Structures are given as C-alpha cells and as structure tokens.
Amino acid sequence: MTSRNQNRPPRSPSSKKEGVESIPLDKRRRIGMGRTGGATNAERKPFGSVNKKLDVAATSDVGSCVEGSDCGNVEFTKEEIDALVNERLKMKKFDHKGNMELVSELNARLKVCIKWFQKRDEAHVEGEGKLQNALDALEKKCAETEAEMKNKEERFSATISELRQDNTCVQERLVKEESEKLDAIACHRKENEARIALEALQASLSKDLEKAQQDILVANQRAASVDDMYKRLQEYNLSLQQYNSKLHSELEVARESLKRVEKEKSTIMENHSTLRGHYSSLQDQLNLARTAQDEALNQKDTLANEVKCLRGELQQVREDRDRQVAQVQVLTSDVVKYKESTGESCAKLEYLMEKTKSLEGTCSSQREQIRLLEHQLTATNEKLKMSDLSSIQTRAEFEEQRRNVHDLQERLAETEYQLVEGEKLRKKLHNTILELKGNIRVFCRVRPVLPDDVAGSEQPVISYPTSTEALGRGIDVIQSGQKYPFNFDKVFNHDASQQEVFVEISQLVQSALDGYKVCIFAYGQTGSGKTYTMMGRPEAPEQKGLIPRSLEQIFQTSQSLIAQGWKYKMQASMLEIYNETIRDLLSTNKSSGAENGAPGKQYTIKHDANGNTNVTDLTIVDVCRIEEISSLLRQAAQSRSVGKTQMNEQSSRSHFVFTLRISGVNEGTEQQVQGVLNLIDLAGSERLSRSGATGDRLKETQAINRSLSSLSDVIFALAKKEDHVPFRNSKLTYLLQPCLGGDSKTLMFVNISPDPASVGESLCSLRFAARVNACEIGIPRRQMTAQMTS
C-alpha cells in the first residue's frame, strides 16, 4: 500500500528556506526566543501559520493522519526530533511492502511531531506576554540560535528532498518491478503452453511409433502367411481347374438351352410382328369402309331430303293442277252458261283453253321429273344396301382378325410367362450354386446423373456391355481412355426403379421367414445413393427403399401363412455406430447419449455358440403390424447422425443397422424356425480433400474410413482364407462377424456415382466389391427345430 502523500507533488529543497526568509528579522528573532522558552509578543503568529506557508497540504495530511489519536500527551525532546529527522530507513531491496510500511510509519511519526509543534506554538502564543521582557536579552542568543536553526532547516530540507527523491526512485522501481513481474507471468504462461503442446506432440509421436511397430509386426506376419497361402493356393488352383472344367460343361449346356429359348422367342416375336402388320392393314381397310359407309349415309340423307323437297313440290303442283282443273270446270260451265249469251266470250274461252293446255304440259313435264327422281332414289337405296353388306362383311373379317390377334397375344403372354419362370428358375439355380459355394452375392447399382454433377467430358464414364453373357451382369468404367470391366450377380443401371431392385432380393428376404440368417448391406462412397437404396422415401410409395419393402413383404407373407398353421413373433432393434460408439436409436432415455456429454450406456457386442449376435442393453421392440415398423423407422431416422459436407448436403455420418428377429411356430407340424434379417446402411467412404471436413466432421470422416478399412482387411483375410480374420479391429466388423464369416445369406449392394469427378472412388468401390464377391463364407444353415410334445 502507498501512503496518501505519494500523490503530493514534490517540493523543492529551497521552498522551506524561501518561506523562512520571507519572515522579517525581528519576527524571526521572536520566534527563535519562543522556541527556546522566552516570552513572545501578542502580535506573533502561531507556528502553525508558518507551517501552512511551508506546506499547506502537509498540514491537512497531519490532521487526517493523527485524527482520533491522543497527541496532547506526547512530548518530544530536541534529541528525539533530531533523531527522527536524521533517521535513516533500513530498506530491503525486494521487500516493497515492508519498505512502504517503514516509510508510512516514519511519515506518521513526523506528522505527530508536527502536531506537537503546533500545540507547542499555541502554548508559546499564550505565554508570549511573559516572554516579551526576556526577548531583548536573548536577541543575540536568538540570532545564533536562528542561524543554527537555519542550518538545521537547510539540513531538514536536504533530508526531505533526499527522502522525496528516494520515494520517487522507490516508486519508479516498484512500477518497473511490477511490469517485470507481469512480463515474467506472461513468459511463464507461454512456457506452460509450449510445454503442454510438446507433451501432446510427444504422446502423439509415441502412439505413432507404437502403431508403426505394430504395423511392422502385422506386415511380417502377413508376409509369412502369404508364403503359406501361396503353397495352399497352388494346391487349391488344381482343384479349381477341375471344378472350372465342370462348370464350363454345365455353362455350355445352359447356353445351348438359353439359345434355344432365344430362338423360340425370336420366332414368336417375328410372328407377332407379322400379325401386327396384318392387323394394322385390316384396321386401315376397316377405317376406309367406315368412311365409305359414312359418305353413303350422308348421300342417302341428302337424297332423302331432295326427294322430300320434290314430293312437296309435286304435291304443290297437284294442288295447283286441281285448283286449275276446278277453275277450268268453273270456266267451262261459265262458257257454256255465257256462250249463248254473248259471243265476245269465245276469244276469252280460247285463251283459257290454251292456258289450260300449257298447264297440262307443265304437269306432264313435272311428272317426268318425279319419275326420274324416284329412279335415282331407288338406285341410291340399292347402293346403300350394298355398302351395308360390305360393311358387315368387313366387320366380320375384323372380328376374326381380332380373335386371331387375341390368340397370338395369349400365346405371347404364355411365352413371356415361361421366360419369366425360366428366369426365376435360373436365378434360383444361380442362388443355389452360390449357396453351395458359400459366396457373398454382390449387386451393383448406378445412381442417375444429378444436376450438380460436374460434366468432366462428353464421353460417359460408365457403360454397360450388350453381350448375351454380360447383359444385366456387367459394367464398364472408363478412366483416362482405359476401360475397366467388372461382372457381378446383377447390375442395375440408372433407370432401374426401386421395385425392380426389390424384385431381385425378394427371394432372399423370404429366406428370413424360412429360418435363415439374412444380411443385406449397402457400400459405396458418399452421395452414391446408399441411403436411397436402403430407405428411399417412405412417404412416396414408388420410392420406398429395400427396408420398407422387405418388411411389407415379410408381414404380408406371414399373414398368408397363418392358414397353413404358422404363427410368427417379430422383434425389431435399430442402432448406429458413430465414431466407434454404439448408439441405441430406439432408446427413450435421450440423456444417455453422448450428445450432451453425459456418460451413457456401454453397449457390448456378444456372439453365442449358435452364431447369434446380441448387443447388451439394446432396446428390442415387439412388432405386429407394418405401421409399428414405419413409426420406428421414422424415429430412428430422426435420431440418426447426419451432417453436411462438400460432397453431400445430408451425408450419413454413422453405420445404420436394422435387425428383425423372426420366430415362427407351426402348430400342425410342431416345427420352429428362427430367422434374422439384418439390413445395414453403411456410412459413405470419402476423401478429406474432396469433402472439406473440419472439426467434428473431420473426426467422423476419420472414424468412418477406419471402420471401412477394417472391413476391407476382413474381406482380404477371408479371400486369402487366413487362419486369423481381424473381426475385432472395429465395432462394425465385429457386429458383422456372423454375416461375413458364418452361415448367413449375405448380399452386398455396391452403389456407384456416374459423376466423372468420382471415377477414382467408383473404381475403388468396384474392385472391393469384386473381392467381396470372390469370398466364400460357408454354406447357409437353416435354424429349424422340432417342437417337443409333452
């Protein structure tokens, strides 16, 4: 702590001297006599006023310093004052607090001394009258004393200036030491941070060293195993050659039968095309006949209208004739009546006779016209009858041709049905061969080109071979002008619908109801359509994925099997593997997850002796209707971890695993079956240079790539038939152990992006899928037991 006087501006050493010199000589003499105990005049000012002239601030500080203390009882001698003034403080070099306390204590004693001087001065003023008589005698002594006091005052001033200089130096050193202390603290903090960084770097380097040593050991073990495997492969190659020759013979027989079916199909298609041409010609003739009939009908209507008009005109002419005949008769009677009376009417009568003859000639000509019109009407009716007869005949021919076309369509439908049945039989035989071989089936699906895809070149990077052997089973990838062909069990192009994809796996899904363990998983890079293939868009019926369609088929089939005495119980569970941590997507306790940092449940994967897989503390829900499954799928989709990267707007950041356990009992045959359906949507592999992942996305990407790398190691070990398969290297491979290395029916979807910028990742995915397709994992085994009766 600093004293109150540290903020006071320093006084020069001559300030006190100047204050003393400003007092007159006689007054200074009287003051000196007063100090030595002599009497003073009543006109003298108190000693406190002189102090105020010297340092007003010091006087106020004295009053505030000794406030509340009893200074009246303190007495000072001259030696004590000299000792107090001449006192040298013993300051330590780095004990600033102690030095400040010593200076404060000295200042306090000086203030008490000054207070005592003030009180003594007041006492001197009171006794100034008594000392006035002795003042003259002591003037000489007072002058000497005054000189001595002046010398002491100078010494005091010098001492005070020195103290002030010391105080200033002390304050400067204190500020400097505080700044040095702050610098030292900052340096210490930086050294701690550097030390922590170095320790972290050392730990990471040690881990990398250990990992490198482990990799070296694993590489040595692999080299030894490769040598052993090479010897076994030579032996296995001989057996494969024998088996290959046998397969070639079977393939030739199948090709011959397929060629015969294709020839029959081509002949049927030719007959169908000729019939279609004949049918089109008959259709044209029928159209011409119909147009001719319509024209005849129109002509008939016009002629009928003309006949009607002519008949009206004829009727009018007849009425005119009758009227004229009546007039002639009247005129004749008049002529006969008036012929006798007058002779002038003869000319008029002749005129009327001529007029009557002309009218009769007009009537005869109109009769001829009516006769001609009747002949034309008769001819038109005959033409109409002939056109009706030709129309009826044409219609009969058309009906006969329609029957022929219908018969041909029935034959074509029957032939197509036979082809479909033959294709089903081929698939069934192919599946049987794969089951006997124990291979993992691989389907390839190419997603459509999206508007966001970069058009690297006009030449597409993916093509499909059109040969008979590779049709629907082959795919070619073009990179830098070089073509890389691949063959799988089935290849779906970008036009394939969700229904077409599901039809190919429907028999495999049916196996779960028959008591087999079935596993279907989707593999591929980010944005290649894995989640769309597995989940789709459940709100749109045509875009439902494999998971909703598979569950609908299972529930529909289980309902239809009730009539045969089967009763099924189904249990569903859903989990995700996020950053090598298992999360329960159906858990109702939301606080147990890692999202909020609280320690959640520790889920453990366990395999029993029968190859069944269980995850401890995982939520398992009994389901009876497809609506319950749909609700659970929506809940799981909301809980699943997704994120945005530069390659995909909504990228799956975890491996999604849906498991349906099926238990069936037939009360009639007393049989029990237990099937398992695993539907897995793997997270997409991606390159950090393209995804641009940072922070949490970077950790997720590293965890995803590590787990997929472990899956690749497992596939390589299975393909080489090594004794040790590293299933425990990741949670994903350990969870898939019964599917990859047991008695399960396993199908892998490899999803490919047609984007030219992703051709490298597409090649890696297809090569990995080819290795998976070559793996033999064992023959699937049906889990069925006979129920014991009591």
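Note: Cβ is positioned from N, Cα and C throughout, glycine not excepted.
According to TrEMBL, the protein has these features:
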type	residues	note
REGION	1-46	region 'Disordered'
COMPBIAS	15-26	compositional bias 'Basic and acidic residues'
COILED	128-327	coiled coil
DOMAIN	439-775	domain 'Kinesin motor'
BINDING	Gly524, Gln525, Thr526, Gly527, Ser528, Gly529, Lys530, Thr531	ATP binding site
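Annotated features taken from TrEMBL, shown on the structure.
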| residue | record | Cβ contacts under 8 Å, 6 or more apart |
| --- | --- | --- |
| Gly524 | ATP binding site | Lys530, Leu682, Gly684, Ser685, Phe749, Val750, Asn751, Ile752, Ser753, Ser765 |
| Ser528 | ATP binding site | Arg447, Gly684, Asn751, Ile752, Ser753, Ser758, Ser765 |
| Gly529 | ATP binding site | Arg445, Arg447, Asn751, Ser753 |
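All protein chains included, Gly527 (ATP binding site) registers 25 other Cβ atoms within 10 Å of its own Cβ. Around the Cβ of Thr531 (ATP binding site), the number of neighbouring Cβ atoms within 10 Å comes to 24.
In the structure as shown, the Cβ atom of Gln525 (ATP binding site) sits within 10 Å of 24 other Cβ atoms. Around Thr526 (ATP binding site), taking its Cβ as the centre, 24 other Cβ atoms fall within 10 Å, counting all chains.
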